[in-house]
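Copied from Swiss-Prot, the annotated features are:
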- 9-29: transmembrane segment (TRANSMEM)
- 50-70: transmembrane segment (TRANSMEM)
- 82-102: transmembrane segment (TRANSMEM)
- 115-135: transmembrane segment (TRANSMEM)
- 161-181: transmembrane segment (TRANSMEM)
- 187-207: transmembrane segment (TRANSMEM)
- 235-255: transmembrane segment (TRANSMEM)
- 275-295: transmembrane segment (TRANSMEM)
- 311-331: transmembrane segment (TRANSMEM)
Amino acid sequence: MIELFFEYIFPLIIIALKVVAITIPLILCVAYLTYAERRVIGLMQLRRGPNVVGPFGLLQPIADAVKLLFKEPIIPTNADKILFVLAPMITFILSLIGWAVIPFAKGVVLADINVGVLYILAISSLSVYGIIIAGWASNSKYAFLGAIRSSAQMISYEVSMGLVIITVLLTTGTLNLSQIVEAQRTMPWWIDLMLMPMGVVFFISVLAETNRLPFDLPEAESELVAGYNVEYSSMGFALFFLGEYANMILVSAMTTTFFLGGYLPPFNISWLDCIPGFFWFVFKVGFLLFCFLWIRATLPRYRYDQLMRLGWKVFLPLTLFWVVLVSSVLIYTDHLPNV
């Protein structure tokens, strides 16, 4: 009986504890990211932001959570009730399970699988289904139009994202995210320089993937009232809200892993190695999240034709050209990784 416990049950308990250890801090980070967003945008607009609930407004996310929890969940009469309830759950769950393959520090990763890049691409592609289901199940023209916009936007920018990731795979020679980070430790500086434009393209693409300004057309308030979640209230709205911000943190972690060295120090200086890798990872992700908030506070929304033109006529040809360029340079300089 004891052997059965240690062989089958104990590993499941360890996995459950690891999942809880990632999920709870992540939900707290999402809650306080909303607070940080309101404070940062307030400062940029020369106002205070939330500062009443608790010292410096630090209890504002808890007040918002309690408010949403006790609101009445309203389901439209003609809505598909089962899908209407499932849609926000799908969005929120998919935003969490992508973290399984993200390396927080050396050896600190929930599932260190050899196809981590394919896993993360699959999860990011599936995340749009929650929005599409919400738009269709709501039986509202505004919600449905927001869902259609979201699917078109995802298709347009997922292609460019995939090609950008191919350039990273060409230089590192692996689909394992931990190995991608370690490969950047010894990567020549000129390869890093060559990947910089693709890092910018990737970051702009994930802005579109997460429906953030200037690409928030699926929930454009001035056109679609609130877009795909116009009919949601209470915890349904809260789960969409949490899913959006959890996706922001996830794509920032992906950008950090692919282009900023993950948990590695920013410079190859010996004394920087004394600082734990987790600190560098959090610092880089925090910087990218600040860029998300900065962009929201300063840039206007794109028109829909501008959004499509940027994805298909600018990013797609540019990333295709860069894949050929990186391949040619690596072959010419004999720097193709030994796979």
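Backbone N, Cα and C define each Cβ position, glycine as well.
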Long-range Cβ contacts under 8 Å made by the transmembrane segment (50-70), restricted to residues 6 or more beyond its ends, are 31-32, 34-35, 38-39, 42, 234-235, 237-238
Residues outside the transmembrane segment (275-295) whose C-beta sits under 8 Å from one of its C-beta atoms, at least 6 past its ends, are 33, 36-37, 40-41, 44, 104-106, 108, 203, 207, 212-214, 248-249, 252-253, 255-256, 260-266
Here the stretch out of 115-135, 161-181, 311-331 with the most C-beta pairs under 8 Å to the transmembrane segment (187-207) is 161-181
Per the Cβ filter (under 8 Å) with a sequence gap of at least 6 from its ends, the transmembrane segment (115-135) is approached by 83-84, 86-92, 94-95, 97-98, 100-102, 143-148, 150-151, 154, 158, 161-162, 165, 169, 175-178, 180, 209, 211, 218, 228-229, 232, 240, 243, 247, 251, 254
